[in-house]
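Listed in TrEMBL:
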DOMAIN    69-492  domain 'Major facilitator superfamily (MFS) profile'
TRANSMEM  68-91  transmembrane segment
TRANSMEM  111-130  transmembrane segment
TRANSMEM  142-163  transmembrane segment
TRANSMEM  169-189  transmembrane segment
TRANSMEM  196-215  transmembrane segment
TRANSMEM  221-242  transmembrane segment
TRANSMEM  301-329  transmembrane segment
TRANSMEM  335-361  transmembrane segment
TRANSMEM  368-390  transmembrane segment
TRANSMEM  402-426  transmembrane segment
TRANSMEM  438-458  transmembrane segment
TRANSMEM  470-488  transmembrane segment
Amino acid sequence: MVYHSYLVQVQGQRQTIPPFSLDVTMCVEKRKMAIAEDVEDGGQEAVRQPLVQEETKSIHSSRERGSWMVYFSTFVAVCGSYEFGTCAGYSSPTQSAIIEDLHLSLPEFSLFGSILTFGAMIGAITSGPIGDFLGRKGAMRVATGACVAGWLAIYFAQGAAALDIGRLATGYGMGVFSYVVPIFIAEIAPKNLRGALTTLNQLMICTAVSVSFIIGNVVSWRALALIGLVPCVILTFGLFFIPESPRWLAKERRQKEFETALKKLRGEEADVSQEADEIQDYIRSLEQLPKPKLTDLFQRIYLRSVIIGVGLMVCQQFGGINGICFYVANIFESAGFSVSVGTTTYAILQVIVTGIGAILIDKAGRKPLILVSASGLVLGCILDAVAFYLKANEIAIQAVPVLTVAGVLVYIGSFSIGMGAVPWVVMSEIFPINIKGLAGSIATLTNWFGAWACSYTFNFLMAWSSYGTFLIYAAINAMAIGFVVTVVPETKGRSLEQIQAAING
């Protein structure tokens, strides 16, 4: 290797320095200059660094406060879901006591139990318009008022008429809650939390039903009615401390309140400009369209979202859930298995698996969960069909109880992981805000009609053919798999505006 020498001026004399010495000299000089600069700028840097750290801390603190408000708002809203569950779980543990105390006939109590569903259908029809006119918080207040009136009518009832009026009123509140709670949560939650928080709706319903079963066995039926008022009290006061849905406020052109609500949910120091612009741009594009009527929902621009929303509700209800849920004790009894052990296991499993689904929904996605769920529903139905076939033909009778319990538990576990919650989550995400009230009411009404139809026809189907009933449900759940694969999109990790634009073009 060839090295070249360099001439440099050192203390007034010219000297020849090899390249490596020159490098050392230059490095020393540069280091001296850097130290001088550091001394000069050190005070500024010492001030600048804490300021950056303080700003970062402030942003993180603001985000934490915003997240806290999202969680608190969700907690208040899902008190409506818990109220839904207390209404649904009331009649089963109180049947004997009410019939005995008020001297009701079995048909009179049957009317009391079933009229809840008709009240819910009325609530479903009116929930969308009420939510659009009064806002999401206003709709929750209406539902709370109906439930309070219903529980008080039941508590003071001295005959069948007051019981039925009270039950109808609580059913109406259920119908409104079933629409407005998931809608409200989806509209306030950031996209990375939306699935999990919306799934809490189903988790609270399951929990409340299970708690009502347990408490109903140790308190009187009138006391259980008063306990049903507790979620209403929390809702009544909690609604004063949470913001309205920013998307509803934007639709109503209440600009200042919209910005205040969004900042309250995301944190005062958070930059919400991009999210606010996205929401407002999308709403402005929808305002250019004529106000939708019922027939407009079947136009090409909205048809796909309506098919998805209504189709998922059909898959959820006509797959047999309410028939199995309402008559699970009879199923265990018919198979020769302990009713108390079976129903207790059923209730506990339902709550636990629904909680697992809430954790997974924003990680695994909506579509994989519902496909796994529907596949499990098919398996559960086939196991029960085999069990009842063996019983009907007196083959391997000793295996019937085990197969029946396994089928029911596989069914309810599979339903709870996806099919129970995901249709409500997707329904709350896919409808543009200008048709959300109308389309959401139709989807919710479809759900309640399916609940009534399934529970009403279950005993008739079982009388016709026990194993045939479960084969029908298995076929419906198999068709649900095909529907989800071909029609339902994945909505995980996308804003509501992005989802709706992609679906509706």
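Including glycine, each Cβ sits where the backbone N, Cα and C put it.
Of the ranges 68-91, 169-189, 335-361, 402-426, the one with the most Cβ pairs under 8 Å to the transmembrane segment (301-329) is 402-426. When each of the listed stretches 169-189, 221-242, 335-361, 368-390 is scored by C-beta pairs under 8 angstroms to the transmembrane segment (402-426), 368-390 comes out highest. Sequence-distant contacts of the transmembrane segment (169-189), counting only residues of its own chain at least 6 positions beyond either end whose CB sits under 8 Å from a CB of the stretch, comprise 70, 73-74, 77-78, 80-81, 83-84, 87-88, 90, 115-128, 130-131, 136-137, 139-140, 142-147, 149-151, 153-154, 197-198, 200-201, 228, 243, 245-248, 265, 424-425, 427-429, 436, 440-441, 444, 447-448, 496. Residues of the same chain lying 6 or more positions beyond the ends of the transmembrane segment (68-91) and with a Cβ under 8 Å from any Cβ of it are 109, 112-113, 116, 140, 143-144, 147, 150, 167, 170-171, 173-174, 177-178, 180-181, 184-185, 188-190, 193, 197, 200-213, 216, 224-225, 227-228, 231-232, 234-235, 238-239, 241-243, 264-265. When each of 111-130, 196-215, 221-242, 438-458, 470-488 is checked for Cβ pairs under 8 Å to the transmembrane segment (368-390), 470-488 comes out on top. The transmembrane segment (111-130) makes no contact with the transmembrane segment (221-242): fewer than 3 of their CB pairs lie within 8 A, with pairs spaced 6 or more apart in sequence.
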